Amino acid sequence: MEKAPAKINLSLDVLHKRDDGYHDVEMVMTTIDLSDRIELQQLPKDEIQIALESRYVPSDERNLAYQAAKLFKKTYQIPNGVRIQIEKNIPVSAGLAGGSTDAAAVLRGLNRLFHVNAPLKDLAKLGSNLGADVAFCVYGKTAIAKGFGDQIEMLPSPPNCWVITARPDIGVSTRTIFERIELQHLQHPDTKKVLEALQKRDFYQICISLGNALEDITFALHPEVNRIKNAMLQAGADGAMMSGSGPTVFGLVQHFSKAQRIYNSMRGFCEDVQLVRILG
């Protein structure tokens, strides 16, 4: 069994648009204790099976976990097939890298199942062909990702704290958000301050340095996401931000009693609210 933890962004910046149409990004990310679970079983025939109970997630080649298995098998010339059982706990299209972390878990799991023993850096390079968050998710923990998300540099973990996630009942297409980017109008986060705060393990400096260049775009399309962020701060979160392209908003709190109060308060705004520890 392979755990596939969700990620949150502590900083997300978009630097420029490349000739291939994609954007170069700079993202500081860490993992939280909200995880999908992946079980892998070797099959004698050359096939890939996906088993999961979710009407929102495809179980064919559109699934990133399927694509990860196909790429791994091709790269390392694996003749056998594999059955991938996915227990979904991370919301879909939520800005928490649910699909990417599943793909990363498949790469790690197949590496062990078939005794390939490839180093994580090789798996991360493979994963970068699947999506911008997959390389980070191969490593997990805390890191800064640059370029298309394929240049990974590990960072110190944030101090222990609680994370409240709140997600409205909408899905946000990352592609749609990136298509609406006007670089000259973006509010760029101070990534350097986030990095300095992580080096010092300064919780409150991390909280006041959070920044996401995509927030204003998502807020314009879905004002309820902005309302959730404001509600999170008004309820007492030390810091709050939208993760990824949204719509999930997270709040950071050091003490459980306060986190519990904020969790209960946010239940009045949306049904999908979680209270978890930071993993980092």
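One-based numbering along the chain as shown.
The backbone N, Cα and C atoms fix where each Cβ goes, and this holds for glycine too.
Features reported for this protein in Swiss-Prot:
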type: ACT_SITE; residues: K7; note: active site
type: BINDING; residues: P91, V92, S93, A94, G95, L96, A97, G98, G99, S100, T101; note: ATP binding site
type: ACT_SITE; residues: D133; note: active site
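If you measure from the Cα atom of D133 (active site) to that of T101 (ATP binding site), you get 8 Å.
Listed in sequence order, V57, N63, L64, A65, V92, G131 are the same-chain residues six or more apart from G99 (ATP binding site) with CB atoms under 8 A from its CB. Listed binding-site residues near K7 (active site): G95, A97, T101 (candidates P91, S93, G95, A97, T101; Cα-Cα distance within 10 Å). According to its DSSP assignment, G99 (ATP binding site) is helical. For P91 (ATP binding site), the number of other Cβ atoms no farther than 10 Å from its own Cβ, over all displayed protein chains, is 20. Comparing the recorded positions K7, S93, A97, T101 on other C-beta atoms within 10 angstroms of each C-beta gives the minimum for S93.
Residues near G95 (ATP binding site) in space but far in sequence (CB under 8 A, at least 6 apart, same chain), listed by position: N9, V172, M242, S243, G244, S245, G246, P247, T248.
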